[in-house]
Amino acid sequence: MKRLLATNISKIMKFIDIGANLTDPMYQGIYNGSAKHEPDLPHVLERSWTGGLDKIIITVGTLADCAPTFEIVKNDERLFATVGCHPTRCGEFVPDPEGYFASLCQQIEQHREKVVAIGECGLDYDRLQFCDKAIQQQYFEKQLELAARYDLPLFLHCRNAHDDFAAILQRNRDKLPRRGVVHTFDGSLEVAEALIADGYAIGINGCSLKTEENLSVAAKIPDASIMLETDSPWCEIRPSHAGSKYVRSKYPTVKKKEKWEAGSLIAGRCEPVMISQVLEVLAGIKGKPAAELADQYYKNTAKMFFPAKGSD
């Protein structure tokens, strides 16, 4: 079995990954509809726990994601989930809006101990070919009712849509005392500051750290407002990314079919264990000890999503 090689960073720190797409077919060995290797999610999870992950929140982006997600989380006290509909999938509401909404409610109620946020929901104007603006706006706002009904924070998505996104949140602010986190943030400092001023946290992953401009923004975001994520299997930190020069943890990978064996990390597929690299980039651009930041980000996340457990 391939052994995970990395620095000792994870041995003295613990992490919560706020966004991992663990129902993605890649973790079943399927890439672009073609099977390349055996399902290896158990290996992915074992690497996560060994690498310092304390909890992982699995992202749900559509009603169809719920059944496989809750099958994964049901027997592991370290795994949790969101429930919601991604903006590019909001067309699924249209044939039966009330029925779809009722089904989301049913999923939350049936798995109440495992659901820690509403989402992934929001607006995505970069991919309007999948769902037009009006439908995205209507059903983003509709999902805010779930946050209010179940007293849960939001796991939010915003792409090239800040003005409309902020307006919808603002007019519903009184019903959203728990607020939430804007994940995979790659916007301007001005946008980040506006979100933070209204009580929202900022989720940082590899896609938040691609360019020098991204690094400049992330360096200025207050540590008390940051949460770490991987958005696995997406958003790995690649050698071409500006943030890669700060990465210290190394995870040897193999090509997905030619050299795969049980325990292998797959080239081009991000995993929760790689959250250590996100931390390393933030420590590098902020000029602060990684352990200090890890502790702060863990507490931020625990306070929002696991308040009953406190921030210990």
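Positions of Cβ are set from backbone N, Cα and C atoms, glycine also.
For E120 (divalent metal cation 1 binding site), the same-chain residues that are 6 or more apart in sequence and have a Cβ closer than 8 Å to its Cβ are G19, T59, V60, G61, T82, G84, H86, F155, L156, H157, H183. Summarising the annotation, TrEMBL assigns divalent metal cation 1 binding site to E120, D231.
Summarising the annotation, TrEMBL assigns divalent metal cation 2 binding site to H157, H183.
The Cβ of D231 (divalent metal cation 1 binding site) lies under 8 Å from the Cβ of G19, A20, N21, T59, H183, T184, N205, G206, C207, C270, each of these being in the same chain and 6 or more residues away along the sequence. Ranking the binding-site residues H157, H183 by how many other Cβ atoms lie within 10 angstroms of each Cβ puts H157 at the bottom.
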